[in-house]
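Here is the structure we will look at, set down as structure tokens.
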Amino acid sequence: MGCRQSSEEKEAARRSRRIDRHLRSESQRQRREIKLLLLGTSNSGKSTIVKQMKIIHSGGFNLEACKEYKPLIIYNAIDSLTRIIRALAALKIDFHNPDRAYDAVQLFALTGPAESKGEITPELLGVMRRLWADPGAQACFGRSSEYHLEDNAAYYLNDLERIAAPDYIPTVEDILRSRDMTTGIVENKFTFKELTFKMVDVGGQRSERKKWIHCFEGVTAIIFCVELSGYDLKLYEDNQTSRMAESLRLFDSICNNNWFINTSLILFLNKKDLLSEKIRRIPLSVCFPEYKGQNTYEEAAVYIQRQFEDLNRNKETKEIYSHFTCATDTSNIQFVFDAVTDVIIQNNLKYIGLC
């Protein structure tokens, strides 16, 4: 009996040591795994950040992956032009050349088959080129803040010949500029600085935000993306709410949420290139009537940054790490993400008492 007890005790001790080793190993693994949650309103550039991580840390897009983006890019180009043409009547803008009215009819007749096949026929290419070149369409494009038009419209429409070529293969820049509405939860894993990152992107539309709660568990850091250039635009969902106001409300709810007391909060003030171009034409006061500064990129960008950072109600214990970004610029995102990773590592060490 005594021997049997001793044997059982030894086995129990061995089992306990195995469990302890497993727990230590699991604890170390969890410390090396960084869960990054990408949040922000629709059109803030979250999905482009995910693509950049694939380019920078996961080998990029091979030939087959590039080819898979062709139908989406064709759709983006066609959709942009059809939005412009539809907006002409609403904005009371006429074609400069009356013949373009027939081309507009042809555009709507030809787009369905083109989108389903993922290719632009020579006939459709001619129609699209003539419409896009018309001064009336260009005037309508210049007023795109008055209707919904993606940022990539001019990029694709200025390069229709290349995109419509039968042997067209999207470039990395084409892919970065492509736009597809994120629905559900998209995860991307990669390794950097001996850490395993799990980047989670969830849709920014109002209808998608109810899914965010499912991603909150175990979050190491949040990257909140802001569309700097959206200060004069309305939400796609209701065409009334200011995109910037919606972004500020959303950031307030995330920044001051009890879920994220010990979570690093990184603010990506994105689309700085578009803000730099737009601020020369449209004053920041259309969004912030109290703004009295110059309509320059430098002053406007800092003012917007302050609006977000001032929402932090726990400044003594919680720091916001802000970066101005251009999500389509790989070198910029690579530099910023390197700095972000260092902050995350330091904050993790502080949290576990090693710093």
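Every residue, even glycine, has its Cβ placed from backbone N, Cα and C.
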Query = In Swiss-Prot, which of the ranges 145-150, 187-192, 277-282, 325-330 has the region 'G5 motif' annotation?
reply = 325-330
Key: Per-residue Cβ crowding (10 Å cut-off), top of binding-site residues Ser44, Ser47, Thr182, Asn270   = Asn270
Note = Confidence over the region 'G1 motif' (35-48), expressed as mean pLDDT on the 0 to 100 scale, is 92
Note = Listed in sequence order, the binding-site residues within 10 angstroms (C-alpha to C-alpha) of Thr182 (Mg(2+) binding site) out of Ser44, Leu176, Val202 are Val202
Query = Other than its own, how many Cβ atoms are within 10 Å of the Cβ belonging to Val202 (GTP binding site)?
reply = 22
Remark   = Fewest neighbouring Cβ atoms within 10 Å among the binding-site residues Gly40, Asp180, Ala327 goes to Asp180
Ask   = Are there any residues in the same chain, six or more apart in sequence, whose C-beta is under 8 angstroms from the C-beta of Leu176 (GTP binding site), and if so which?
value = Thr48, Lys51, Gln52, Ile55, Ala327, Thr328, Thr330
